[in-house]
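**Student:** Below are the features listed in Swiss-Prot for this protein:
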BINDING   12, 13, 14, 15, 16, 17, 18, 19  ATP binding site
BINDING   14, 15, 16, 17, 18, 19  substrate binding site
REGION    37-40  region 'Interaction with substrate tRNA'
SITE      103  site 'Interaction with substrate tRNA'
SITE      125  site 'Interaction with substrate tRNA'
REGION    161-165  region 'Interaction with substrate tRNA'
REGION    253-258  region 'Interaction with substrate tRNA'
REGION    286-293  region 'Interaction with substrate tRNA'
């Protein structure tokens, strides 16, 4: 076995059954569950994120769930720091960190590290916000196109958070975000096709999804309708009533939430909201599959198979995660 402590990544698209398998693994192994989900971090956003129930969380505690208010932001860099701390604590207790979720950017940040970006600066952000109010975000998008055309091509003018961040990075250091990312790629000596990574762990990577895409689509539609039956609209109404929340926040832009928000604003009918929520979730799953197809060293399992737990345990022994 490797001298490095073990860790397990359990990835997959939304509605694939990751949580159920993670809990089964936690029953079978001395694991500590760590959420890798950019929506589950928010308090008060339970139904639309398919957050495990309070009863399940009491039985299977997850780190990095309910750690932010919906008015707050949370970056991949913050996740990396929090996840590494949670993994270190689990290892110190003699337990295996089991990271489960579908936010692929977070996994990538863990494995490869992040570009050495400057931190957020309140004064610079306030100046950008003032310019946006005076001139509009499209004018700021044109500014970005002059100094960082690659980021401008990637960021929509109606995405103020990412637009502000790209301008902030340039104004703080005089170097574009695109150049910083290229520098990171060139310096990424600790990560290559052989599977080396910047984590001080021996990592086994599992992925779960239905073999047939139409099966996943049916599960997505069924789950979204179940969320509506469980009170999803009332959950978003509580958020909508808060004066400090708006449609531009990362929390409210989460899949499902932005569609219900538009419904509450009178922009969509109930039927349109339902259809668009399902379509948006399917698009999320497609993006997750795109990430996963480019991933190396993944062990895939079929969501519909009845023997995923023994198969996962067998694989973990094969790659020396388990004795």
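These residue numbers are counts, starting from 1, taken along the chain as shown.
Note that Cβ sites are derived from N, Cα and C of the backbone, with glycine treated the same way.
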**Student:** Over all shown protein chains, what is the count of other CB atoms within 10 A of the CB belonging to residue 14 (ATP binding site)?
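**Tutor:** Here the count is 24.
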**Student:** Which one, from the binding-site residues 12, 13, 17, has the smallest tally of other C-beta atoms lying within 10 Å of its C-beta?
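**Tutor:** Sparsest of the binding-site residues 12, 13, 17 by Cβ contacts within 10 Å: 17.
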**Student:** So which residues does the region 'Interaction with substrate tRNA' (286-293) touch in its own chain, when a touch means Cβ under 8 Å and the partner is 6 or more beyond its ends?
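**Tutor:** That would be 11-14, 102, 104, 108, 207, 209.
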**Student:** Excluding the flanking five residues on each side, which residues at least 6 beyond the ends of the region 'Interaction with substrate tRNA' (37-40) place their CB within less than 8 Å of a CB in that stretch?
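**Tutor:** Contacts with the region 'Interaction with substrate tRNA' (37-40): 48-49, 51, 62, 64-66, 74, 79, 101-103, 105-106, 250-251, 254-255.
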**Student:** Could you tell me which of these recorded positions, 18, 125, has the greatest number of Cβ atoms within 10 Å of its own Cβ?
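**Tutor:** Answer by Cβ density within 10 Å: 18.
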**Student:** Compute the centroid of the Cβ atoms of 14, 15, 16, 17, 18, 19, then list the same-chain residues not in that set whose Cβ lies within 8 Å of it, in sequence order, for the substrate site.
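**Tutor:** What remains near the Cβ centre is 12, 13, 20, 50, 102, 208, 303.
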**Student:** Excluding 12, 13, 14, 15, 16, 17, 18, 19, please set out which residues of the same chain place their CB within 8 Å of the center of the CB atoms of the ATP site, keeping sequence order.
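**Tutor:** Same chain, not in 12, 13, 14, 15, 16, 17, 18, 19, Cβ within 8 Å: 102, 208, 209, 303.
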**Student:** In Å, rounded, how far does the Cα of residue 18 (ATP binding site) sit from the Cα of residue 125 (site 'Interaction with substrate tRNA')?
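**Tutor:** Cα-Cα distance, residue 18 (ATP binding site) to residue 125 (site 'Interaction with substrate tRNA'): 37 Å.
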**Student:** If you run the three-state DSSP split on residue 15 (ATP binding site), which class comes out?
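**Tutor:** Its secondary structure by DSSP: coil.
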**Student:** I'd like the number of other C-beta atoms within 10 A of the C-beta of residue 16 (ATP binding site), please.
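**Tutor:** Residue 16 (ATP binding site): 26 neighbouring Cβ atoms within 10 Å.
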